[in-house]
Every structure is written in C-alpha cells, then in structure tokens.
C-alpha cells in the first residue's frame, strides 16, 4: 500500500525530469546562420582595368599605351593592412604578368593599325656610304659608318608614274642583294609586313595602375626582403597597384621600383641556366644615352594619303650614339649584387661576361629613347671577376670616370620577337638625349657543374614578362567571398513577411582589414564592412562613361575600354549572384540571417568557443569548403518550405484586423451580398407562398387572395370573445397577413431568424450532449485504463516480490544444505585422528 501511495509522486517527478532533459538537449542544438560581408577570399584570375594620370603628360601626341582611355587615378588611394594574416605569393605563376604582357602587345598592335604600310618600299635600293664633312669614310659599306644614302623608285600620286627619291637608312635596316655592294633591300621585306609608326605616336612610358574590379581585391606583400615566392607575413589589400612604367628593355631594367633594405635576387632556380634571374637594386645607377647627330626629317609620298618619313640629311659630323654610366656607381652596385649572389651560391667566385649571342635585342641592351630604338653593347659593364671577401678585379684597365657603351640605332624593329610583324620607327629630328635610372638587372647563369668554384653570369632578357614580373612580384588578385556560413544557437522562429531592403555589397578594402581577427570580432563590424560594392560598381561605370565621353570622337574602343566593360559586367554578375543566393535563402538585405537548417556535426564538430574565439573566417572557410554546396542546397530547401508555409498563413491575413472590414473598397462587395440576401428572401417568400397555396388547395380550401386568414394558435385559457361564445373552444384562430413590402420582408426575416435560431440551438445542444457524453465516456475509459494500469502494476510488483522471495528461500535452503554438508565433511576430517587412536586402542586391547 505504501508503494501505491508513492506512485503518483514518482510519475510526477519522472515527467518533470524528462521535460528538463528535453529542454536541455534542445538548447544545445546548433543552426546554420548566414553572414554577409565576411573577410574571406580565394585566389582568382579576373580582368583587370587600368588607371592613369594621363593629364599630367603631354596631350598633343597620342601615347602608344592609350592611357587616355584609363580611369583617373585615385587621389587618396586606400591601403588596408591586415593584421595576423599570412598569405602565399608566387611571382612566377602570377596571372597579372600574363595579362599585362598581352595588354601591352595588344596596345602596341592597335596603335599601329591606322598607320601606313611600307610594302611599296620593298624595292631595290641603290646605296652608298654617308661621308663626314671633315673626314674620309671607307669605300665599302661593311667598313663604313652607321648610315647609308639610298636612292629608289616609288609610285607617285599617279599610279602609272614613278619618281626617284633618296633617303638615309641605318646599316642594320638594310641587307645586300646577292652580295652586291651597291644594291640592297629592307631587312624585313622577305619575312614581315612593315608598318610605319604614326608620326604623332609617342613611346614615352606613362605609369599604368592595374586595378581590380568590384568584388575582387589585390593583395600586396610588404615584406622588404620578399623574394617573390613563399609566405608573406606583412600583407595589405589595395584596389590598384602602384604606377608601373611599361618600359620595353633587355638586360637592364629602367625606371622601375627599388628595393628598400638590400638588393633582392629573385629567381625560380638560380642554378638553372634556362631561368632568368631578376635583380632588384637598392640604389639606382644613372645612365645617359645620346644620339648626337642633328637629323632632319623628309617626307616621301607613296601614293594618295600615304607618306614615308625618312632621314633627309645630317647637319654636322656623323657621330655614333652612345650611353654613359658612372664607373664608380656601377662597380659599387655590382659589388652589392655579387654579395647577394654569394649568399645563394655559398660564397664562390663570381664572374660577369657579355651575352653569348642570339637576337640583337637579347645580345645588346635594347630600349627606346625619345622614339628611337637603341641597341647598346654592354661588354663594358659585364666583364669582371669577383672573389668573395676580396677586392674587385677587372679585365678592364681603363681608368675613365665613365663607362661608355657604343650604341646602334634601328628603325625597322621586330617587336616582341614575333615573326611576320615589323615596325618602322620614323626618324626623330635634332639631337636626342634621355636620362634613365637602372633599377634592376636580368641575368642568366652559365650551364656548369654544381660543384664548380666559379659561376659565370651574363646579361639576358628578351621575354618582356620578366620586366612586368619585376614590378608585379608583390601582388596577387583574389576573389572576395562575402557569404559566410557558421553554426549558432539562434534559430529562425517566426514566419512573417519581410520588407526587403536594397542589399549592400561588401567593401573589400574595409572589411579585409578584419581578416586576421577571430570570427566573433569580425562579425561585430559587418555593418561597416558591407556597404561599398554596389557604389564601387556605379563609380566604375561613371569613370568609364566619363572616359568614353572625353574620347567620343574615337569610335574604336581601346584595349582598356574593353577591359573596363568586362570588369564592370563581371562585378555586376558577382553582385547579382550573391544577392540571388541571399534571396533564395530568405536573407535579402540582412547582414546576419538565421535559418531553420540544423547544423550537422559531420560538417564540423568544433564547439562554439573554438569556432568564434579562436578561428578566423579564412580558417573556418577552408574547414567547411567541402560542404558548402550541400549547406546551400539545404538552405534553399528550407526557404522553399518556409515560403510555402507563409503562403498558407497569408491566406488568413485578411482577418488580421477588423477595421479592414470598413474599407470603402469592400462596400461594393457588401452591396452585392445584400442584394443576394434580399433576392434569396424574396425567392423563399414566393416558394413558401406557393407551397402554402398548394397545401391548402389539397385540403379543400380555395384561396381568394393573399389576405386569406391563416390559423393562429392561442391559449386554452382564452375564451371566444364574441358572437357564439358557447361550445368547445377552438385551439386556433386566423390572423391576416401583413400588408406592404417592408412588413413582408421584416416578417419573413423574423420567421427565418427564429427558424435558424431554433435549428442552430438544437444542433448546438446535440453537439454539447455528444461532447459531454464522449467526455464522460473518455474520462471513464481513461480512469478504467489507469486503474487497469495500477492493477497490473501492482500485480507485476507482487509477482516480482513473490519471485524474489521464492528465489531467496530457494537460495537460503540450498545454502543451508551446502553448509550442513560442508560442516559434516569438516567434522569427519577433524575426527580422523581420534578414530585412528580409537582403532589403535581397540587393537591393543
């Protein structure tokens, strides 16, 4: 009985404990939460566009780099340093280099398209040496000077007429025909189509800033001793690179950027003779190049609208072009280069020798000076041997203050080492001089034994990618991934309609500054981080339209214009993709969006504190990147189900407020309902009248009018008031029907209302009695089940007790028997000596 009294309390406490366990287990559930504007990026290849301050340069000439089509440079460039971020860079696998190389070639070709083709000049040239006024020249051209005077026939304005003209050509631009000493042709006539550069085209390098479109960013390594490959610990993000001058040169890098602390050696493999070595200097070396000849330029008409520009005459003596470099500065720089090379080569002997041969562009230091293409012999620069920790020794015994490099000039240039394309550079009038800074070297190492004590380096080049690589080594392009997914304890509870705001994008400069912070710290600043993507797209479009408007007379878009259009389309596509995903997930206009998708521990089983307090968004993204598509799919399925539920819920939205019933827009509907009710009542009145008439006709009455009296019941206590007054009183009396339309309607409404009331009351009473009966029966059934459960519980308990008692008794009886047997055996063992003694005693007796 005591146990029976404790059953209700046990059930009560058990239910309470079970509920608490369910609540606690539900509280530990994690749900997927979407974050927009997180500092996450991935390496990408994208179309970059250019920015340039073209107004600061001469505007009369058309620059070959077409920087007028670039957007203006930002007067306040932003650079956001990312704390606690380590990023991997690889200058040898940088798509920015390939893109710049392709752009420069395309710009070069595009600038030559409208220029004059020099096919009519592929004729026989009768050439003689040009003599100085003060000295005699040799009789043969091979031994003569750099210039030769050639006469040839060209077609005039009239195609059937020819005239003989003459012009000065450089020796490098003509070759003899059949080893004839007087008859020559232009060097490229048998291999290339020669195009003359337009007279007003300038080759002056203008700094070009490469910029990333909206949705992308450029990461910059700020380590002062960074060698171009590996991890960088000082990383910042920029929108555009620094101004890069597209200087086309070989062997020596001109007017580039300098190293900050020490000379930097950059190479893919320093012992591989097929790989170029890029040396970035710390201190620039001045180089001054001069063409001392005072040339005049003449124009030769090749036909209608076509003119060929050539050197007409030279005023004064013919002197060779040359470049001057300070010997002291060069030797000091070379000593620093040797020191850094010795670190990579274990302090062995290092020698510098001239280039071993090849194309003239590679064999010499080639560059453009004021429109003339110079090819300078650098044997005077690279002819020395260096011992580690010893003084400098050189084969050059000259003690001149400057090193003079003899230079030759070519007008027919085969740019980019491509077959089939050549350019004729028109001569420049007057003296030419250009002052540049040597900021880097391109070297190659001779093939040899790795155990050799002497390493030989030679100047190299020819692949312009190395020129661009020397400036772009510290940059890489990344794609911003502003959508982040992480587990939280918050779940989307309510289903309600959202007022969807206009979504804002992520600022790749602002929010990447929080890249090194933990996820919890970075998520606090999402509002600041997600504001400038769309505005960046609009600003880029504005800049592009401004540039096109300024050059609207040019119907042909430049390479830069096309790239800007591509960049903008790409940015818009990325923005729309992110907004589409947010819309599909029901997160439009939200920076932090909770969802109804439970977090699966197989994606990540880390705790909340491990995720939000110890991990960055980049680390977290790498961990769950394999499950991103699956999570996206679940978010879409969840939102689809929620929208379906929302649609069902909104079907009842019209009942949300009773005041909407009085909206004037509903009045026509109310009038329609009133007319339908009145029409129905009239129809019912007619039907009832017809049925009443038919019923009375069947009973023998003949209705004369609608005023026929109908029986009206009255009480038995009311006697007949007049006339006959005797006999048995009738139970009914007749009353007249009402007169008029409104009384008829009112009477019918009253009768219909009373009938409906009585019918509904009867139905309600039936329902109440049924529910009461069901409730009583249900309560009795539950009570019976409870009693039955108690009875069987008690029976089970009694059976268990009986079983336990029986088991205990059986065990006790068995144990007692075993104990008795053990005792008897033990006593028998104890009595053995006594029995033996008694046996001996009996035997003795």
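For all residues, glycine too, the Cβ spot is worked out from N, Cα and C.
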Between 331, 805, which does Swiss-Prot record as N-linked glycosylation site?
331
Under Swiss-Prot, which of the candidate ranges 216-247, 248-279, 376-407 is annotated region 'V4'?
376-407
Looking at the candidate ranges 127-149, 426-448, 472-494, report the one that Swiss-Prot labels region 'V1'.
127-149
Hey, how far is residue 605 (N-linked glycosylation site) from residue 269 (N-linked glycosylation site), Cα to Cα, in Å?
43
Same-chain residues at least 6 positions away from residue 269 (N-linked glycosylation site) with a Cβ under 8 Å from its Cβ, in sequence order, are 275
Which one is it, among the glycosylation sites 84, 126, 179, 377, that lies nearest to residue 227 (N-linked glycosylation site) by Cα separation?
84
Which one is closest to residue 126 (N-linked glycosylation site) in space, judged by CA to CA distance, out of the glycosylation sites 84, 149, 179?
149
Distance, residue 377 (N-linked glycosylation site) to residue 84 (N-linked glycosylation site) (CA atoms, angstrom):
49
Cβ-Cβ neighbours of residue 126 (N-linked glycosylation site) (radius 10 Å)
15
Minimum Cβ neighbour count within 10 Å among the glycosylation sites 84, 179, 227, 377: which residue?
179
